[in-house]
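A.B. asks: Sending over a structure as structure tokens; questions will come in a sec.
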């Protein structure tokens, strides 16, 4: 617009068109700085993977964009990818392999057509996605494992190694197997089920077919066989046979030179080898009884029924296993009577004084009394007079009563009748004893002498009585207040005393187990001139009192390495119970310990787990309790050595039986220590079973692990092995002294190989032969099937039945396969219904097993086995 400055101002307008020409001042820019892309490794060459897009705001050639790949990482020749220049479409130029390259990074450029050309940069990240096209692979085709039957529930046995070169390896895989005894985790760890234990006596071998599947859906699989051999552990206690109670045996004079055979006792043990060899003995030496090697119980000392009529013996049956197991039982030997005791009169002299005026026919003057310690007819007694005669006295042969035969009217002066009486038993031959009978007939007066209130007394006293304890009291009267009575003992004056009041006291502690009955003669004497006396018989019975057990030592001390295995013996404590009968059985227990335990019957303290106790001294309180609840305690100090670790354990092998080596462990420790110059402690001895080389199968091989230490410091296994190898001749010489000629040893540096090339070749040859045979059978079967297709309908029905029978195994396998899949998902969350179903399946399996003995089943089983081999090949 143009305007003047006049008044009024005037103006004029005009239009001006300006045209801006483009210059190349803008770089192309990708829609993304980095593109992310996933491509399956199976994608076909030439497939369009991605379209790149870049913009340039310039015009014409300055805004025309072309695309290119500036760099591929990792590089390859030829390039794996190509990028169309005009469209920006990224295509696959070469096949992908996830196992070779998992990620490609492409640097891409967008260039415009300007001069000079401007460039925009970007990147494409190509992630190669794996496709499951590689099956898993076991490290071995067959695994052989040897375990002891005392394997703890839940303990691991072996880890199955499975490899898979696909993405993630075998991390998402699982195992399929059929077993009620073992579990296999997804990591391949084979372990004993937590609620299951092994029993070699029930089953000593397990064979598991294990299938490894790499993923849950459309997974690929591999198969291996797991052979588990169960070795014997000394877990069965010897059992006593049925023994009569009581054992009847006649008393008599027996000796070691002329023993008496009582009864043969042969315990049994369900274990094998040394674990099953049983010896029977008395729990403690007995002066009158012992055992012969063939199990015959012998009487080797004089047996007197009248002193001790019953013997309660504690028997111990021990096997030769390690640790040794014992069983204790009590038997009773009851002695039958032999007529070896004479009758004993209650007094050596029987006297009576009567006034003539009081005499009358039939008057009882006195009663003879004799006892016989025998029993039965041997103790029946008859009385008679053997010396002297009197028309005035009569003796009842059975009762011993002496009576008057007349009224003594013809007696005119004091008369003394002195006779000798005899008491005879009914034994064969009969035994007898005599006593004097004196009857005084007084005409004018009767002077009374001292007399007891009773001819005999019976008292009892608990054993372990206090010194000076009162047993009982006897009383005698002089017949007049003018005379006093004093008492004295004629027998057992070393154990008893009597005071002026007639009280009998024990001067020492009495033990029923040593003697139960005591017979005392007590004499009473008055102060007449001359004095008169009387004798009374006192029987004292010692009553049993339950006594506490006693340990042979109050303090025990032992040591063990912290690497000691479960059930490793530490020390055996021993307590004795002085009682007899039911109170003699002892039960051992530990007050509080989770690292150690004790066998209740034998008192053997053993290791449960000492892994975390290294360098500590663990005090244990062992209690021995009898049947009545009385107990004794002892302290066991266990020093847990931490100077040794698993790297300090040296293993050697010997061509000797394991039980022979076990029986000579102390001598072997001494021999090895003598050569090495260090102290040697053997940790474990076991038999090497399950080796696959032909040489090892034909020889005996026992492994011995031990730790050598010098002044409390463990010597490394490497140093021990070097010294063993350098001094092998000295070691061999010591072993020959210990085991005899022919002994060999090896220093083990690694576990023996479980397979050999020779075995592999043989197995492959057998499988090839079975394959060819299966093909021939298949061809014959097809030809017969075509011929039989023209037969009548009944034949077809018969053929259908056979087909169903042939398919039985496969149906059963599918059922078991599904069942194992369900169990493997969560083996710990089973319901009561699941457990019930598992029990039913187990019973059905047992019934199926019982049918395997029939010829038809064996034939069917063989045919199934052939089919399964063919399918596997």
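Positions of Cβ are set from backbone N, Cα and C atoms, glycine also.
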A.B. asks: For the record in TrEMBL, which of the ranges 709-733, 734-758, 759-783 is the transmembrane segment one?
C.D. replies: 759-783
A.B. asks: Looking only at the domain 'Cadherin' (552-668), what are its DSSP counts of helix, strand and coil residues?
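C.D. replies: Summed over the domain 'Cadherin' (552-668), the classes give 17 helix, 49 strand, 51 coil.
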A.B. asks: Averaged over the whole of the domain 'Cadherin' (31-138), what is the pLDDT?
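C.D. replies: Averaged over the domain 'Cadherin' (31-138), the predicted model reaches a pLDDT of 90.
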A.B. asks: Taking the domain 'Cadherin' (552-668) as the reference, which of 31-138, 139-240, 357-441 gives the largest number of Cβ pairs under 8 angstroms?
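C.D. replies: Ranked by Cβ pairs under 8 Å, first place goes to 139-240.
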